[in-house]
Protein chains: 4
Amino acid sequence: MTDLCGSERRDMFKAAAMELACQYGYEGATIKRIAQKCGVTVGTIYHYFENKEELFREALRERTFTTVLKKLIGEIEEKPIDEGLFQVATGFVGFLRERRNLISILVSEGLHNGEFGSLFADIVRQNTELMKSYFDRKIAAGELAPIDSRIAVQMFFGHFFTAYLHKERMQMEHLPPLDEAFVRGSIALLLHSWRQP
Amino acid sequence: MTDLCGSERRDMFKAAAMELACQYGYEGATIKRIAQKCGVTVGTIYHYFENKEELFREALRERTFTTVLKKLIGEIEEKPIDEGLFQVATGFVGFLRERRNLISILVSEGLHNGEFGSLFADIVRQNTELMKSYFDRKIAAGELAPIDSRIAVQMFFGHFFTAYLHKERMQMEHLPPLDEAFVRGSIALLLHSWRQP
Amino acid sequence: MTDLCGSERRDMFKAAAMELACQYGYEGATIKRIAQKCGVTVGTIYHYFENKEELFREALRERTFTTVLKKLIGEIEEKPIDEGLFQVATGFVGFLRERRNLISILVSEGLHNGEFGSLFADIVRQNTELMKSYFDRKIAAGELAPIDSRIAVQMFFGHFFTAYLHKERMQMEHLPPLDEAFVRGSIALLLHSWRQP
Amino acid sequence: MTDLCGSERRDMFKAAAMELACQYGYEGATIKRIAQKCGVTVGTIYHYFENKEELFREALRERTFTTVLKKLIGEIEEKPIDEGLFQVATGFVGFLRERRNLISILVSEGLHNGEFGSLFADIVRQNTELMKSYFDRKIAAGELAPIDSRIAVQMFFGHFFTAYLHKERMQMEHLPPLDEAFVRGSIALLLHSWRQP
DNA sequence: AATGAATGAGCCTTCATTCAT
DNA sequence: AATGAATGAAGGCTCATTCAT
């Protein structure tokens, strides 16, 4: 419709695909629907992408949290640990929100689509490694106790990921909102002993 | 095939449906496949269930972790907190493993199927409440510090849930196995301060 | 439509497929057209056949000239060679006419469809072998000169096959009709020396 | 790509069309594939040809065996019959090999495409007439017996055509190779009596 | 002259569902 | 209770063709 160059067109299709898949699932995001949403006909989409899977693969690969995380870790290196974790957590949740479609598809399709599954695994591995080495540096520096950093990373991301999924993607109304208080509270919980000293 | 009464047949269909959906996703678990797996023809399934959705809804509602959790909490009330958490966590992971199919479907379909979504939300709420009141009693008893028990519950379940999903459902090879050591390590991480005292 | 048992239904679909393919080619014989010709909807055809290729493969394999040829050779063993050849040639042309669809598809699709190609090759080989051994027996019996029986077989079938294709399938009006006179004339041409003695 | 004048471009497209159609069939030889093979885009082809059919029609009409045959017959007029037939047969097989694409398409498409069918018929008629009059002259000259020259021509071309199709286009491995021995053997078979004198 | 984006009809195939037997 | 033939809409994808640039 509007005047767009080729690459912008591709982006438009990818965005529409993500949005529809988030709403209806991968199967529900039909090429026809994607085309309609973009005001073109099915053939056009195949002019830009080999097939449906390529369209999605490319869209999903596009931007991952890893890029953001690298930058964040660079910025927080010198800050106190609770501030550092706060910033990463906030960035993570913000990313999940911004790329909400991506997340939905990776989770729901990753469970039974090999291609998407390994894409998801890749992303998780990269993030895990970055964060683990941050933890390890903090342990070496004596800021953190000698905890099992591998598990710690899983706990950190796992918590915020699940919280986001449950609260914002599945609208579980009994759960607290994912606001700053929640993030700060969560980090406090991690850093402090649960046990009464 | 073998002689089964009506209710047993229903169970058989539900079990087959779960298994196939776990493997191929909800869309991939076609009525024909379910029928074949049970050695009957498509028509038969429609004798027992109104339609595909009813079959799945009923299968998913069947048994949730809540039943197990109630029993577990009764048993651990008097035990020290780390042992109590260990038993709940172990029971939770065991349940996820045993009902692996159910979990897959709730997660992947819950994201864009309203019916399944609220089913999932229900289950989560019940578990959250049970566990939260357990935490609250422990806080009152002075065994736990006055932590935010709502967040703590989310962190507890969220961690093991994510760990299970990533490791055992998505085969992320870079993650540690979900064995006793992992569970104990995770609980230690929760109960102790991450920060160097 | 009319009451037919399963196997008759299959036959009906195969017959329709052959007829349409003969008229429009393999690609032109669409499942929809086949279904329409049979008064059913597309889904029905897929109830009987895995896919389009299976439908055609089965239809093509169904009856080949080999069966007819075996019987014919049994009958002509004792007859004089020109009468024997006349009967085989007549039977061959009759078969081509009767199974006109089959031939069209094997020839036209066999050239670029591996599956159909090897099907055709199989048929040709079987016929060639049967006929060659007949020739060899006649040579041994002294009724035929010690000719190269392999080439002779190719010449025999090749001639009638081409004649049929050109005249009756491609309506080449400048060619003589494929009647008894033509067959007898052809055999005379084979058996007698072309060269002026 | 390279600098070609209009007519050379047309030839290039036609050649590519033939080659692809030979490999994949008429339907399989898509405009896009043809364009790709020539390093241009689809639009370009439509600058040179009205539509797909025109492209093929023109390509097929291009050069036929007739031209070659005329020349050959001129050359063999004075030679002994077996040598003459050898040269024509060799030329014919050589032509089929060289124009392999053309042949495939005429045969396979000619069966259900009226346009291509009559094109093929034209070619066959011309060749038949040329060869028949050669035979008739040889009969008049007493070199050949008073055979039915119309059938003889069909037998001559039909044999080599089928042999080529079966052996070199359909890779029938049980058949002898189409070499000089085969051609000479075939001609001997034609010229000599099959019957034991 | 050449491009390549866009079209839209049509292809093969799948699948939940119905229903006469 | 069970069958399985039949439906028909829908899905992914292809392709000859057009046309503004």
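Including glycine, each Cβ sits where the backbone N, Cα and C put it.
From the options D:30-49, D:90-109, D:170-189, the stretch TrEMBL describes as DNA-binding region is D:30-49.
A mean pLDDT of 95 is what the model gives for the DNA-binding region (D:30-49). Using DSSP to sort the residues of the DNA-binding region (D:30-49) gives these counts of helix, strand and coil: 15 helix, 0 strand, 5 coil.
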